[in-house]
């Protein structure tokens, strides 16, 4: 009323007979106050141009004949939101709105358009900033219990902030937020780390514009320029945390010399002028209307005499105003007083500091004949339910369903997919079940703990065997070395060194050559080792048989026969290996059956007959050696090497007997680890049981290393 009648203390009959105090009004910001103001000034034909009142109801020319706006109507925003939700396949959504004209009308339009698009709405809740915490908690409980994971928040900024604080306290996450233009570009919300659960929020914002010279103007304002402007003084005190009057509270006194140019806040930030630019456009729309009226008056009267326009004239001219805005686009009002609806699609994406920043990912332009919504989904971040399939809930609408996670090895890379699709044999589903990735290939490598430990044990075994060989070589003329057939001892130590080293061929990525080498090297070296032990056992037995009167058995098993027997026994294993490698050799094999989620790269034995023939031959010689050593256990104690051989072969056989079930049942790379463990355990058993007692006598108890002690009393 003050704008129409002037700032008079009282109103009287003459107030209504005078021309209005103003010819046009810019404002208001919110829809509800604007509805009241436009209803009041409409009968007086005073143009009202709003920069932020978006309620679709304001487009009703019968109710608001003098209303215009420079921001699109919520009808277009609701239409754009319905298309956006449909575009992403979100057919089951919840809604929260402001309990005012803005929220009620916006959601009403969305519900109608959503129904046409086949979108189902699970709930629709209304809040307002004056609601008690108990009321807000009830709304929050509805959201928590709902099955809809997409929430459309058609809420004004002031109503949303108290609700957001409560959501942060309750730690509610996993929702996909769809925003209205009132808060989608709010830096206050986006830069608050407690609201990081809004990551992926998407919504439409009015298009941004750059206003040249605005920042320069803002940093030059000063309270001294307008001493009566209380708002400017209040701004200055708030910005610099000072007071123009000494209040005695310890607040610094404003000097007026505080530099606005160094101020870094929303006041000096001119990067987001989406709403401010609409004020700019509103002022220019009125200015262009007045300018056009002045030109027409001059042309009609052909006079430079000053004329004052009436509000009716301004209203008449503003309907037809058309001009170019800062972005280079043509601006005009349609028959309803609305501009062409054009929105930026904004996506909230996480920044490195934990806050959220705005990413432009699309546009909506109502002036386009088709494809009004254009979205660049590749640049988007959102909370989605890919990796699941739909399962319809009984007794609920068709578009209401549960999202059932895809089974392992299956994916769904589309939202609201009805089925999950299996990956190929060499692929597996990723953690989100939305992409097939190459299966992890597993084999025992040198870089993992098990591989490193086994490699160290292998090298230590080879080192111990070499050190014992060196000790025996230094003391080769001593009775204990000579009495135990030094030639066979050195050959046995050499074969044990090879046994330790052959275990290294089992570690690393299987190749064609390594697969053939590992089993054949193992088979031949172990047969050589067992053949030497068998030879030593036979020598012990023959030696004591030769002490019987009239016995000349040793001439049948002298050094030549010993060497020949070892060569023959080893050649049999070589022949078996050659036949195995010729007929059906081992080869690298990708085992995709044992584990579904990974591929075991292993050496397939090729011929099972060849594999078990190699193992069987080793077992046969081991059992024979054990039996002979067992028969020789009662020989004279001082010379009884047979008891050490018996114990060593007992360990050897026990290891390999337990290896068979462990080998069959061990999964993946642990099968190879078990085989290496069996090789090392049996090799260490032979090395320690046969040679450590001798090394003890040689190095620590040399008094027993005499011929007399070796031969004993007999």
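Think of each number as a place in line: the chain as shown, counted from 1.
Keep in mind that glycine also has a Cβ here, set from the backbone N, Cα and C atoms.
The domain 'G-protein coupled receptors family 3 profile' annotation in TrEMBL covers 450-714.
Look at TrEMBL and you will find 449-474 (among others) tagged as transmembrane segment.
Below 8 angstroms of C-beta separation, residues 443-446, 451, 454-455, 458-459, 461-462, 465-466, 468-469, 472-473, 476, 514, 517-518, 521-522, 525-526, 528-529, 532-533, 535-536, 539, 559, 562-563, 566, 672, 675-676, 679-680, 683, 686-687, 690-691 of the same chain, each at least six residues beyond the ends of the transmembrane segment (486-508), sit close to that stretch. For 486-508 (among others), the entry in TrEMBL reads transmembrane segment.
Taken from TrEMBL, the feature transmembrane segment applies to 520-544 (among others).
Remote same-chain partners of the transmembrane segment (564-583), defined as residues 6 or more beyond its termini with a Cβ less than 8 Å from a stretch Cβ, comprise 488, 491, 516, 519-520, 523-524, 527-528, 531-532, 534-535, 538, 606-607, 610-611, 613-614, 617-618, 621. Annotation comment: TrEMBL describes 564-583 (among others) as transmembrane segment.
If you look up TrEMBL, you'll see 611-632 (among others) marked as transmembrane segment.
Residues of the same chain lying 6 or more positions beyond the ends of the transmembrane segment (644-664) and with a Cβ under 8 Å from any Cβ of it are 530, 533, 536-537, 540, 615, 618-619, 622-623, 625-626, 629-630, 632-633, 671, 674-675, 678, 681-682, 685-686, 688-690, 693. Sequence annotations record features per position, and here TrEMBL assigns transmembrane segment to 644-664 (among others).
Within its own chain, the transmembrane segment (676-699) is flanked in space by residues 444, 454, 457-458, 461, 464-465, 468, 471-472, 475, 478, 480-481, 484, 489, 492-493, 496, 499-500, 502-503, 506-507, 522, 526, 529, 533, 641, 644-645, 647-648, 651-652, 655-656, 659, 662-663, 705, which lie at least six positions past its ends and keep a Cβ under 8 Å from the stretch. Sequence annotations record features per position, and here TrEMBL assigns transmembrane segment to 676-699 (among others).
Cβ atoms under 8 Å from those of the transmembrane segment (449-474) belong to residues 481, 486, 489-490, 493-494, 496-497, 499-501, 503-504, 507, 669-670, 673, 676-677, 680, 683-684, 687, 691, 694-695, 698-699 of the same chain, restricted to positions at least 6 beyond its ends.
Long-range contacts of the transmembrane segment (611-632) within its own chain (CB-CB distance under 8 A, at least 6 residues past either end) are made by residues 519-520, 522-523, 526-527, 530-531, 533-534, 537-538, 540-541, 544, 569, 572-573, 576-577, 580, 586, 605, 640, 642-643, 645-646, 649-650, 652-653, 656.
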